Amino acid sequence: MVNLTSMSGFLLMGFSDERKLQILHALVFLVTYLLALTGNLLIITIITVDRRLHSPMYYFLKHLSLLDLCFISVTVPQSIANSLMGNGYISLVQCILQVFFFIALASSEVAILTVMSYDRYAAICQPLHYETIMDPRACRHAVIAVWIAGGLSGLMHAAINFSIPLCGKRVIHQFFCDVPQMLKLACSYEFINEIALAAFTTSAAFICLISIVLSYIRIFSTVLRIPSAEGRTKVFSTCLPHLFVATFFLSAAGFEFLRLPSDSSSTVDLVFSVFYTVIPPTLNPVIYSLRNDSMKAALRKMLSKEELPQRKMCLKAMFKL
C-alpha cells in the first residue's frame, strides 16, 4: 500500500481497483498500442520507401504518424505497466516528463493538422502557385516550426504546473499525469498562472480549428464547382479524412480541458481522455490509408513478390552501414 502522505510522486487511480479489470485494461491497451504502433510505422515506412509519395501532403502525413507514434507512447505503456503491477505510483520525474511530452506532442499535432489543411487548400484552391507555396524548403520549415512550437508549449506547461504548491493528497483520478486533474491538487488561488497558460493554449488551438474550418470552407466551395463527379469524389476522399481527424481530436481535447474540475473522479473524464490520447493515434492510419488509393497502391507494391527482395537488400545494406 502506498503511503500518500510521504510519497514524493503521485498515485494514478486509473480505471478500477479490481484486479480482473486491471488485467483487462492492460490487455485492451496493449492490443490498441500494438495496432497504433504497427499502423503508424507502416505509414512512415511506405511514405519513406515509395518515391511516388514524396510530396508535401505525404511528407506532413509522415510527420503526423510520427507524432501519433510518440503521443500514444507517452501515456499507454506506463498505464499498462501500472495495471499489470497493480500499482499506480508514478515518480515526480516521470510525471514531469509525461506532462512535458504529452503537451508538446499534443500541441505539435494540432499545429501539423493546421499545416495539412493549408496544404490541401493551396493544392486545390491555388494549384498554379502550389509548387511555389509548398516547396521542399517551406515544408521543412513548417515541420521544424511545428516541433519547436510544441516543445515550447510543453516546456512552459511543465515548468508552471510543477511550480504550483500542492495542498491535497497526491492522487490523480486518471491513467496518466493529466494537467486538469493535477490542478485539483493545487492550493487555492495558486494555479492562476497555469490557468492563464491553459487559456492561451486553448485560444491557440481554437485559432487553429478556425483556420482548418476556413480552409475547408474554401476547399469545398472550390470542389463543388468541379464539373466532373469523379474529380469531386477524389478530392473529397482526400480531404474528408483529415477534416474528421482534426475535428475529432480538437473537440475531445477541448471538451476535457475546458471542463471545470470537480473534486470527485468522473467516468466522463476517463472516457474523453481515451478519446484524445488513445483513439486518434490508433485510427489515423486506418482513416488515412483506407480512403487513399495512392497509399493502398504503395502498400500493395511494397508487399509484392517483385519488390520484397529489393526491400530486403536495402535493409541488409542499412544494417551493414
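Glycine is no exception: its Cβ is also placed from the backbone N, Cα and C atoms.
In Swiss-Prot, Met13 does not share a side of the membrane with Leu299; the two are on opposite sides. In the three-state DSSP scheme, Cys187 (disulfide bond) is classed as coil. Sequence-distant residue pairs (6 or more apart) of the transmembrane segment (195-215) and the transmembrane segment (270-290) include fewer than 3 whose Cβ atoms are under 8 Å, leaving the two stretches without contact.
Candidate disulfide-bonded residues: Cys95, Cys187. Fewest other C-beta atoms within 10 angstroms, Cys187. In the topological domain 'Extracellular' (159-194), the DSSP tally of helix, strand and coil residues is 13 helix, 4 strand, 19 coil.
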